[in-house]
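Visitor: Take a look at the following structure, please.
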């Protein structure tokens, strides 16, 4: 079967022929229909410092997908061949304190598909049946293909109460853009998004952001003054940029709450005085709550949340290089690849 493989320890990704996997007793074989390129996939493509210490060459990458059940393991019940599914890309152990305590998203033994084990950029893949998420008929496959990052955005946006609150989002990648839309959809007062990429800031505005700020041209403090704000009640850090995070700390209202998804460089510092003397709460976010986040993000789309506005490109798998080029240049929202 075709698969996108990180063949070499250098920049690039390669379309290769690999064996079709065989599902174990509690697994399901999935025939992929559509997959989406994530920022993590771009890191692996670029072979940056994180990838070099994390990825073993020879890996089939990818973790954002939708497909149909092609074969059931001998012990699997509750699913049918031909059923359309996505899946939680974090495979957890099931026996640690957090898994047994109902907090599997905090499992210290988590294995990520497309990072630690072979992933979804292939014609077929296997997943534990317990990780599957059925996709309702009303949701098109091109949107279901990126439920994984949509779930990251939903986890962040729903971590704290944002109804009637002023929200600052640093980083207008697809996850930040979607999070901005969710915050407005559920009743935030002002949602301000910062970045230096005007293309992606426009997508955030299209999804409902009150103001988008190119911080290379405009002062965030000036925008706050225009909105008659003393500070932000909730911050969502999506950029992984230490300067953006410190700007957020500077602009938070006393007692504010911050959800952090962006991965900071090793050794990055911050102004601890702002966190301490403002009484800020900082919560790390990893993945999605299993499976409450999946339920809520599904219902958001079914209730009219315009997730389609962040989808900018649909390509065939043979055009994968164009997709990675668009992501590298910052000229895309979500890029979806078709395997049909």
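For all residues, glycine too, the Cβ spot is worked out from N, Cα and C.
Below are the features listed in Swiss-Prot for this protein:
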BINDING   38, 63, 64  Zn(2+) 1 binding site
ACT_SITE  40  active site, charge relay system
ACT_SITE  43  active site, charge relay system
BINDING   93, 96, 99, 107  Zn(2+) 2 binding site
BINDING   175, 195, 200, 261, 262, 263, 285, 286  NAD(+) binding site
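Set these features in their place in the structure for me.
Guide: DSSP assigns residue 38 (Zn(2+) 1 binding site) to coil, not to a helix or a strand.
Long-range Cβ contacts of residue 40 (active site, charge relay system) within its own chain (separation 6+, distance under 8 Å): 63, 114, 115.
DSSP gives residue 43 (active site, charge relay system) a helix state.
The number of other CB atoms found within 10 A of the CB of residue 107 (Zn(2+) 2 binding site), across every protein chain shown, is 21.
Taking all protein chains in view, 24 other C-beta atoms sit within 10 angstroms of the C-beta of residue 200 (NAD(+) binding site).
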Visitor: Which has the fewest other CB atoms in a 10 Å radius around its CB: 96, 99, 175, 261, 285, the listed binding-site residues?
Guide: 96
Visitor: What whole-number Å value do you get for the CA-CA distance of residue 195 (NAD(+) binding site) and residue 96 (Zn(2+) 2 binding site)?
Guide: 39
Visitor: Give the helix, strand or coil assignment DSSP yields for residue 262 (NAD(+) binding site).
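Guide: It is coil.
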Visitor: Would you pick out, from the recorded positions 43, 63, 93, the residue whose Cβ has the largest number of other Cβ atoms within 10 Å?
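Guide: Top count of Cβ atoms within 10 Å goes to 63.
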Visitor: If we count other C-beta atoms within 10 Å, could you say which of the binding-site residues 64, 195 has the fewest?
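Guide: Counting other Cβ atoms within 10 Å of each of the binding-site residues 64, 195, the minimum falls on 195.
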